[in-house]
Amino acid sequence: MKLNPHVTELSLYDIVNTPGVGADLSHINTNSTVVGYKKDQLHEALKDADVVIIPAGVPRKPGMTRDDLFNTNAGIVKTLAEASAKACPNANFLIISNPVNSTVPIFAEVLKKHGVFNPKRLFGVTTLDVLRASTFVSAVKGKRTEEVNVHVIGGHSGVTIVPLLSQTGLTFTKEQTDALTHRIQFGGDEVVKAKDGTGSATLSMAQAGARFADSLLKALNGEKGIVEPTFVYSPVATKDGVEYFSTNVELGPEGVAKIHQIGKVNAFEEELIKAALPELKKNIQKGVDFVAKN
Ligand code: LMR
């Protein structure tokens, strides 16, 4: 974000080390100021922000699902949402903290409690699934990554991640479709396994978060035709009882400008969507219940 030309002021917040990271970043010669806030300065860090990017929380260890992080990360996200509701209620909120399928509804419920929920300004960042899809598919098809754009819909964990390979305009054998779909759905596990107990994706996730934030900043500044898949409050799957869903979303000055439909899918993808919906519904409800009870 320090490299992003649309950023004027970069506020960093964490419970440790932020002043040092802030001082370090502030020497990069781009035209934004940087301040690293300390543990007791959450309000100051958030005050009047336009865009708040939230990657806070603990990462997975091998063998864990993202949902296994719920007990620790739900409370962290709730605290950040409460502070945001007071310090910057009109900001755009980009949620990276896992499990995203539950933390986005948690954030929304807290904002609702404070009477400041704007569904057009809350985004679950699913961009890493899109980056992975582009990387994995281009490797299989011998293409350059910029030529391969995959519409990934649903949520951000396991079977709720649904890549629509049929919409790429490329052809795949049955084996390629099965293998690529599985790799895109469980790409995060590859990193968790390779890091062997020391965490999950941070560098690729940083790139994904920065790409989504850049797209949003461009759209907020009036640039037209900016489309990214993102997990938002959406009418796309409400008939199946799912309130939040990721599809391509056109971004604009108001945040969400237009939510695209799923589009044409084949029989294989229909089955993937069918498998995703009950899991997604459960994850969303878990987030809603957490705020109701706490
Ligand atoms: C990812 O997709 O890499 C992140 O959601 C982190 C994780 O736990 O896999």
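Note that Cβ sites are derived from N, Cα and C of the backbone, with glycine treated the same way.
These come from TrEMBL:
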{"type": "ACT_SITE", "residues": "H156", "note": "active site, proton acceptor"}
{"type": "BINDING", "residues": "D14, N73, I96, S97, N98, M205", "note": "NAD(+) binding site"}
{"type": "BINDING", "residues": "R60, R66, N98, R132", "note": "substrate binding site"}
{"type": "DOMAIN", "residues": "2-124", "note": "domain 'Lactate/malate dehydrogenase N-terminal'"}
{"type": "DOMAIN", "residues": "126-291", "note": "domain 'Lactate/malate dehydrogenase C-terminal'"}
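Locations of recorded TrEMBL features on the structure.
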residue : record                       : CB count, 10 Å
D14     : NAD(+) binding site          : 16
R60     : substrate binding site       : 23
R66     : substrate binding site       : 26
N73     : NAD(+) binding site          : 22
I96     : NAD(+) binding site          : 23
S97     : NAD(+) binding site          : 25
N98     : NAD(+) binding site          : 27
R132    : substrate binding site       : 26
H156    : active site, proton acceptor : 28
M205    : NAD(+) binding site          : 20
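Overall, the recorded substrate-binding residues R60, R66, N98, R132 cover a maximum inter-Cα distance of 18 Å. Helix, strand and coil residue tallies for the domain 'Lactate/malate dehydrogenase N-terminal' (2-124), in that order: 53 helix, 21 strand, 49 coil [DSSP]. The DSSP secondary structure for M205 (NAD(+) binding site) is helix.
The recorded positions recorded for this entry are S97, N98, H156, M205, and the Cα of M205 lies nearest to that of R132 (substrate binding site). Look at R132 (substrate binding site): DSSP puts it in a helix. Here the binding residues for NAD(+) are D14, N73, I96, S97, N98, M205. Their largest Cα to Cα distance works out to 17 Å. With respect to their backbone Cα atoms, M205 (NAD(+) binding site) and R60 (substrate binding site) stand 14 Å from each other.
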